[in-house]
Amino acid sequence: MTDKRISVDLEHLNNRIGELSEIVDDSQDGWTRQVFSDPYMRSREVVANWMREAGLEVRIDYVGNIIGRLAGRRGSLKPLVTGSHTDTVRQGGRFDGIVGVLGAIEVVRAFSRAGIALERDLYVVDFLGEEPNQFGVSCVGSRSISGVLTAEHLEHTGVDGAKMGDVIERVGLDAAGALVNAWEPGSIHAYVELHIEQGPLLERSGDEIGVVTAIAGIDRLMARFVGRPDHAGATPMDDRQDALNAAASAVLTIEREGCGAPVHGVATTGGIEAYPGSFNVVPSEARLWAEIRSTDAEWLSGVKGRLAQDIGIDAEKRGVESMIEWLTDQAPVPTTPAMRDYIAEAADELGYSWKPVPSGAGHDAAHMARLGPMGMIFVPSEAGRSHCPEEFTPSADIGRGVEVLAATLCKLDTVDRVLG
Ligand code: GLV
Ligand code: MN
Ligand code: MN
């Protein structure tokens, strides 16, 4: 193959993004297609069919990853893998993850139009449930494939008391199988994922492509505060054990850590609940859900220790008992340096400006890095917005990303081994 430039059918890709965005929970604003929900499970069949139409041989694994295989001319070689996810956060957008799955399917269609045949097999994967779910577990599918989904994850309990493992079974998947679903480390030639940036760096610099340097590590926690219910009118302020005030103070402690981060570090409390939840009862119990993220592992572990200590001390002063449960921890993952070079080279050859950028968002790629060399391609997000209905990337930008993905795959295809 001499000309690595493919022609992207932008109209088709746009239509597909539009069609998928119609399979959502209509009772919510924005676009909501959360893992295990009815719309999500319906959309899986649609995506699988789009893969089949593109010429991929499709299988669904135990945990519900949709895996499409494009046979290469020398199937004995280690395969190339690309993909992303099609679940959304509640009231999210139409592009996060979706661009990486539908963009990869478009690469396969474009290869076919251009008569390009790879030497290696190419797998396109729509990973199950990348976004954090009600059980506090993100990247369910890529954790399973990379061998780090555990029996303990399956025991995580959601809001209605059900366990994640039970819900996996309820939607027709196989919880026990999800634990024996792993691919061999070293079994893939390379993994490359196309994704929207979800932040403002590319738009600010005016660059067309982001070459991802590292994916931030994420530690998620649930903190529980237990105080004492009392009459909200008759109990003096200094005689209370107010669990919600202890939680509110913890929210500010968490924020302070994020603001004090030396490198790209952030800390967010995403949810809080108080019980019994009446105007006139001093809250006896509160729970909050929070996360810290950074590409700096040392900072993350320092914050973990400080939060446990500071939140505990403050709650105790208020006469409130506090417990912190760390739900998941994902270390920062640098992309493979050689993969950055291949992506940058592909962008250069296509005439697109690029910039090295860190990813503050988590990705399936962070887990796939356990199986082989890993790289990520970003395209700009308008106004840096994401995880909201305003999330938007113009189709010309998506098209450039798809071209860079195709060119990177072609380059990788002919390399014997991707060196670190
Ligand atoms: C996924 O989008 C995440 O970064 O939480
Ligand atoms: Mn997301
Ligand atoms: Mn995503």
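The backbone N, Cα and C atoms fix where each Cβ goes, and this holds for glycine too.
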Listed co-binder of allantoate (same site as Arg220, Asn280, source TrEMBL) among Arg204, Arg228, Arg293: Arg293
Same-site Zn(2+) 2 binder from Asp96, Asp166, Asp348, Asp416, given that TrEMBL records Glu131, His387: Asp96
Of the candidates His85, His231, the one that TrEMBL places in the Zn(2+) 1 site of Asp96, His195: His85
Distant-in-sequence Cβ neighbours of His195 (Zn(2+) 1 binding site), under 8 Å, six or more positions away: Ser84, Asp96, Gly97, Val99, Gly100, Ser359, Ala361, His363, Met376, Ile377, Phe378, Val379
Closest of His85, Arg220, Asn280, Arg293 to Glu131 (Zn(2+) 2 binding site), Cα positions, binding-site residues only: His85
Least surrounded among the binding-site residues, given as His85, Arg220, Arg293, when other CB atoms within 10 Å are counted: Arg220
Site of maximum Cβ density within 10 Å, from binding-site residues Asp96, Glu131: Asp96
